[in-house]
Each structure stands twice: as C-alpha cells, then as structure tokens.
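Heads up: the structure comes next, in structure tokens.
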Amino acid sequence: MTAPFVPAAAHVRRFLKSSAGGAFFLLLASLAGFVLANSPWAAGYRTLTTLPLKFPFLGKRGPDNVAAWVSDGLMTLFFLVVILEIKKEIVSGHLSSLRRVALPLIGAVGGMVVPALTYLLVTWGHPEATSGWAIPVATDAAFTLPIILALGRRVSPGARAWLMALAIFDDVLGIVVIALFYGGSMYWPALLAVVLVTAALIGANRGRIRTLWAYGTGGILLWTALLDSGLHPTLAGVITGLCLPAGDAKGAATLDWVSSAVTPLVTWIVLPLFGFMNVGMSAAGMKPDMMLEAVPLGIMLGLMLGKPVGVFGATLLSIRLKVVMLPAGTSTGMLFGLSLLCGIGFTISLFVANLAFSGSDLIAPAKMGIFAGSALSALTGWFWLRFMPQNVTRPSEEGGFPR
C-alpha cells in the first residue's frame, strides 16, 4: 500500500538535500517573518527578535538580544562556509588556475563598483543615505543557483561554474567591505589580540596541525576579540576558514569534513533564522510611490541595472582585450542573462543594510529596495535565459569570444 509513495518520498529527500531546497526554506522563513510583522501577532514577533540575551563577559559590544546573536554570531558560520567553498574551488575546482580565477573576479569587481556608483548617483544630495552604498554590491548564490539549475541545458556547465565563482567572489568582496567600512571605533588592545590569535591560527596551518578543536578554539577567541576591536565579529569566520589546512590530501579531507558538517547547519538553520529575524518589517503606511525615494530607488537600480552593467561590461571588456576567455559553451547572450541574475542580492544586502542604517528610519525603505531589485533581477534574468533565441551569439565550444 505504501509503495506508490516511495518515489514521492525520494523526490522530497532529493529536494531537501539540494540548493533549491535551502533557498526555498530561506524564502519561506523570510516570508514568515514579514507576515508575522504585519499580523495581530506583530508584538509577539518583535518581542521574540528583541528578546534579551547578553553575557557580561563579552563586554558592552557583545550581542544583547536574539536578533543580534543571529547577525553577529551565527552569521559567522555563513562567512566560514563562503570561504570554505572558495578554498575548495581553488584547491581542486573551477578556480584551480589563475586563468580560471581571473574571469569571475573581474566580473565581481565590475559588479561591485557600478552598483555602488549607481546608488551614490541616485542618492546624491541625501547625506543620510550615503552609508548604504554597499547594499547593492553582492550576489546571493542561495537564490541564483536554483534558478540556473532549473534552466537546465540553457546554461552551460562552464557558465554555471563562472556564475557560482563570481557569487563567491562577490561575497568575499562584501566581507572585505563590511570589515573596512562597517566596523565601530578601533580599540587597539583588542586589535592586538586579533593579530595574535590570527598569527596562532596561521602557525597551526603552517605546522600542519589537523586537530579541529585548535581551529575551533582559535575561531571562538578571535570572534570574542573582534567584538571589542571595532571590526565586525563575523570576520572571525573568514579568518578561521582561510587558516584551515587544505594543501595536501589530508588537509583537503579535513576541509571537506568541516564543510559537510557546517553547510547544512548554515543552510537550514542560520540563513532561515537570519531571514526570519531581518525581513520582518511593518508594511503600514508603505505605498508604491515610496519606491521612488532615494534609498529604495538607489538600491533597486543598483541591483537590477548597476549589477548587470558592471558584471557584463567588465567581463566583455576583458574578453575584448584578450585578458580572459569565455567559458566553453558560453555565449555573450548567455553571459548577459547570467549578469541579470547577479542582481539578486538578499543575504549580504540585508546584512549590510542592518549595519548601514542601524537604528535609522531608512532600514525599512532599504529592505523594500532589496526585495524589489532582487525580484526584478530574478524575473528578467530567468525570462532572458528561458526565451533567448538559441542562435543568439552561438557559443564557442573551446571558450573565447564567439566568432
């Protein structure tokens, strides 16, 4: 009697293990936060997100409520996973040579500069909005990957790898921006502690120490020191990930084990919690014409216009100058469609918005801009790739610029 249900159960298991499943759960949790924030249970939702949770030994700058622990604590694991992914690609994947690194890196830099300039141009004359310039600079791989997988053969394996590498570089550049521009005032004794712990982690790597508790302990100490240093504490995930061994077969196995252990935690707990805690905002008083205000308009245009122009323009220019080559089986039309998808900014964009406009009335309009820009980028990118004529810029099977 239960046999007919076996295939369905198998499909569910595959879905839950896929990136699409994680993206769906993140979207579901985010929608739940938004719905609760605009329901009769809004007060309970706010009470939950601001529930006091403070440990005196962490000092004045330590997280003091549930939402802060998610953003400043658990999100450290997200940045750790980002670094682990790029390390795996560098060791044995699509970034294993300088030539392979160059193409997505150039696109990521272009996709960072142009959206930031677009935002600053739109918000010119609004000094209170200036700090949000970094909100539209990142691409969210959690949402772009399921879309390109759903498109099947319309996106070549080489183009898929390029987009994923670009999204990873985007996240890394976003981390650098957060560390440099969104920290607090510097406290030199804590910075010295950060340097010493980082040196110890590097020493452990150089000494080929494979004991994970050493890196885990170092990461926790680093996070604690970063709280008082003035740099953002999530930088601990970046530094710890960079210091994990990966130079030989045993190190690569260690890296794979850590990644396989932490990634599901980030996919199914950390990111959904982040979306649930940060997307919830009251829609009371919001009107469509509010999207024409400087902050949401700047973010929306930065994502849906600045991002594809920056990514596609920088990549195409580097190909024309013969600095890099297109991935095998990739056309310029396909490249443009993928550049449109790069405007899907969610996790990092929300993260930066919370830092840029913390305690400001601009946080809700900023989130509106993120949602609108990301949704429009997803729709335009999907439609372009789905309905683009197959004879538009025939792909080159060897890479390079199609002739």
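Just so you know, glycine gets a Cβ as well, placed from its N, Cα and C.
Annotation source Swiss-Prot lists transmembrane segment at 23-43 (among others).
Among residues of the same chain six or more beyond the transmembrane segment (66-86), those with a C-beta under 8 A of the stretch's C-beta atoms are 48-51, 53, 95, 168-169, 171-172, 175, 219, 223, 227, 232-238, 240-242, 244, 255, 258-259, 262-263, 265-266, 269-271, 273-274, 277-278, 347, 351, 354. Under the heading transmembrane segment, Swiss-Prot lists 66-86 (among others).
Swiss-Prot lists 101-121 (among others) with the feature transmembrane segment.
The transmembrane segment feature in Swiss-Prot is assigned to 132-152 (among others).
Look at Swiss-Prot and you will find 161-181 (among others) tagged as transmembrane segment, backed by sequence analysis.
Under the heading transmembrane segment, Swiss-Prot lists 184-204 (among others).
The transmembrane segment annotation in Swiss-Prot covers 219-239 (among others). Remote same-chain partners of the transmembrane segment (219-239), defined as residues 6 or more beyond its termini with a Cβ less than 8 Å from a stretch Cβ, comprise 58-59, 61-62, 72-73, 75-83, 172, 175, 178-179, 182-187, 189-191, 193-194, 197-198, 201, 355.
Positions annotated as transmembrane segment by Swiss-Prot, on the basis of sequence analysis: 257-277 (among others).
If you look at the transmembrane segment (297-317), the same-chain residues 6 or more away from its ends with a CB under 8 A from one of its CBs are 103, 106-123, 129, 132, 135-137, 139, 166, 291, 324, 332, 335-336, 339-340, 342-345, 349, 366, 369-370, 372-374, 376-377, 380. For 297-317 (among others), the entry in Swiss-Prot reads transmembrane segment.
Residues annotated as transmembrane segment in Swiss-Prot, with sequence analysis given as evidence: 333-353 (among others). Beyond its flanks by at least six residues, the transmembrane segment (333-353) meets 26, 71, 75, 78, 107, 111, 132, 134-140, 142-144, 147-148, 154-156, 159, 162-163, 166-167, 170-171, 174, 177-178, 182, 271, 274-275, 278-279, 299, 303-305, 307-308, 311-312, 315-316, 326, 363, 366-367, 370, 373-374, 376-378, 380-382, 384-385, 388, 392-393, 395 of its own chain at Cβ-Cβ distances under 8 Å.
Residues or ranges marked as transmembrane segment in Swiss-Prot: 363-383 (among others). Only residues 6 or more beyond the boundaries of the transmembrane segment (363-383), in the same chain, are considered here, and those with a CB under 8 A from a CB of the stretch are 132, 135-136, 140, 143, 147, 151, 278-279, 281-282, 286, 290-291, 293, 295-304, 307-308, 337-346, 349-350, 353-354, 356-357.
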Next on the checklist: Does the transmembrane segment (101-121) come close to the transmembrane segment (161-181), meaning at least 3 CB pairs under 8 Å for residues 6 or more apart?
Outcome noted: yes
Item to check | the transmembrane segment (184-204) touching the transmembrane segment (23-43) per 3+ Cβ pairs under 8 Å rule | outcome: no
Checklist outcome for this item: Note: vs the transmembrane segment (132-152), the recorded stretch with the largest number of Cβ pairs under 8 Å from 101-121, 184-204, 257-277 is 101-121
Item to check | Folded-back contacts onto the transmembrane segment (101-121), same chain, C-beta under 8 angstroms, at least six residues removed | outcome: 90, 95, 130, 132-137, 139, 162-163, 165-166, 168-170, 173, 177, 298-299, 301-303, 305-307, 309-315, 318, 323-327, 339, 342
